[in-house]
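Novice: Positions annotated as domain 'Biopterin-dependent aromatic amino acid hydroxylase family profile' by TrEMBL: 189-535. The Fe cation binding site annotation in TrEMBL covers HIS368, HIS373, GLU413.
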Amino acid sequence: MTLSSPLAKLIAAVNVARNVSINMSSLTNPTTVMEEEEVPVAAPIRRGNKNPRRYSLVHQASCETQHHIGIRRQNTIQHRKQLTDQMREQKILQQLNDEGVEVIFAANDVSSIDFSVIVTSTDYISTFVSDILYNMKSAGVQICHVETRESKAVSGHDVLLDCRATKNQLIKAAELLTQNHVALTHFSIFSKKSVEKSQSMIWFPRHISELDQCSKCITKYEPTTDPRHPGHGDDEYIARRKFLNDQALEFKFGDEIGYVEYTEDEHATWKAVYEKLGGLHESHTCSVYRQNLKILQKEKVLTADRIPQIRDVNKFLQKKTGFELRPCSGLLSARDFLASLAFRVFQTTTYLRHHKSPHHSPEPDLIHELLGHVPMFSDPLLAQMSQDIGLMSLGASDEHIEKLATVYWFIVEFGLCKEDGKLKAIGAGLLSAYGELIHACSDAPEHKDFDPAVTAIQKYEDDDYQPLYFVADSIHDALAKLRKYASSMDRPFSVVYDPFTKSIETIQSSADLEKAFSRLSNDLSAITHAADRMKISITA
């Protein structure tokens, strides 16, 4: 028999895993269930950086992924130890893959589970298959499917079996086969629904009020701990920053956003950045940004002399696109930050960059949020693109969160578009940073067409200006490509945002679609009625 394509990929992955050497020295004292602690993000200090951007959403997502991998690895080590008390044959545990350990550990003695087994032997294929079938049957394991092929790892054969069994039956079958077939070299077990199971267990907010659980700051680039921070050693700035962060930490859903009395030094820093960036608006920023900025200025939401209040900005955004800013005290986890976007909520810092470095900030600050994001969140297409990224993140795997954070970073924060044959900024990180805005639109860096699948795996530069920027034909073009990319994501359910209740609906079956279709039907009915009236008016 020959292996099908999906099976070939599975066995190829197993062969790669067999060759991976795992360093166990850092995994001492594991516990079966581990609480997720604050993620320590200690980026290496590089000397001589001109424009360090020490922490970013992409960096945070990568750290979270490694943190979760470490937790799962430690749990597997502990589970493997516990299984030694239940399995008489220790050879099988030495050969068994990590996922196999978790499959056995999670199973119970009452209900059967579906799983796949890949076993390898140097014996004749007929003898090997015969031993497998006999020992599986003796243990009470039900075999649903069998495939074979020549092994790429050893001089022998691989056999794949799709099986159904209880925990005790699975353990007994593994022990019997290991004892009775001496030529056995590898034994791996895989859950047939591992992806769906792992994703279904990932919590995400279902109502906007649950963003209170997504506002924990897990990373701070503090002037108290990092000598590279422009505010390092400035006790007055450090105290002011702490005061504003403490206020942000107290904010809960339903609270009125408080009035912040900014100091004259803070207003002066704001004015310096506001006026200097103004000289680049016509030549370096996209038309959408310029148009919305003019409206913000005309309505006196943004002025050069005074830092606007977040609650006043929210009144403007709510009328334009339904977006709102929510105070937070620093960099959130990538998962929490992206989840907020699904509700058209942008988690924003309230402190300002240090006055000694007004034109570059190595971290998000209020100037970045107000001058970079707010004019773009005033645009319906950019607002929709940001929300789409947020919706794509809900219940996604760590791998997909890292990819979505990278896409967000390169298009919403540092993206460019083409207008009249020239490069113009659409990313908030560029729109609020004088030096990098000039750099990004120049011939110095590399420019590539925006393709979410390519962008999602692009490495970012965290210690200077980016050497590469992605360019969309337009914001509409970027949104269309993003939605196409979303359809390729492997998630066992879809999500729909209900703007009336500000809640998320999950869709897994046709029954779940009824409510969403009902709302859509009402909207279409109103639009159809309006179109009919226009037709009547034209023909009259």
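The backbone N, Cα and C atoms fix where each Cβ goes, glycine too.
Note: TrEMBL annotation is automatic and uncurated.
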Novice: Ten-angstrom check, please: count other Cβ atoms within 10 Å of the Cβ of HIS373 (Fe cation binding site), all chains counted.
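Specialist: Excluding its own Cβ, HIS373 (Fe cation binding site) sees 26 Cβ atoms within 10 Å.
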Novice: Express the predicted model's confidence over the domain 'Biopterin-dependent aromatic amino acid hydroxylase family profile' (189-535) as a mean pLDDT, rounded to an integer.
Specialist: 90
Novice: Please list, in sequence order, every residue of the chain apart from HIS368, HIS373, GLU413 whose Cβ lies within 8 Å of the Cβ centroid of the Fe cation site.
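Specialist: The surrounding set, listed in chain order, is PRO364, GLU369, GLY372, VAL412, GLY427, ALA428, GLY429, LEU431, SER432.
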Novice: CB neighbours of GLU413 (Fe cation binding site) within 10 A?
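Specialist: Step by step: centre on the Cβ of GLU413 (Fe cation binding site), count other Cβ atoms within 10 Å, giving 23.
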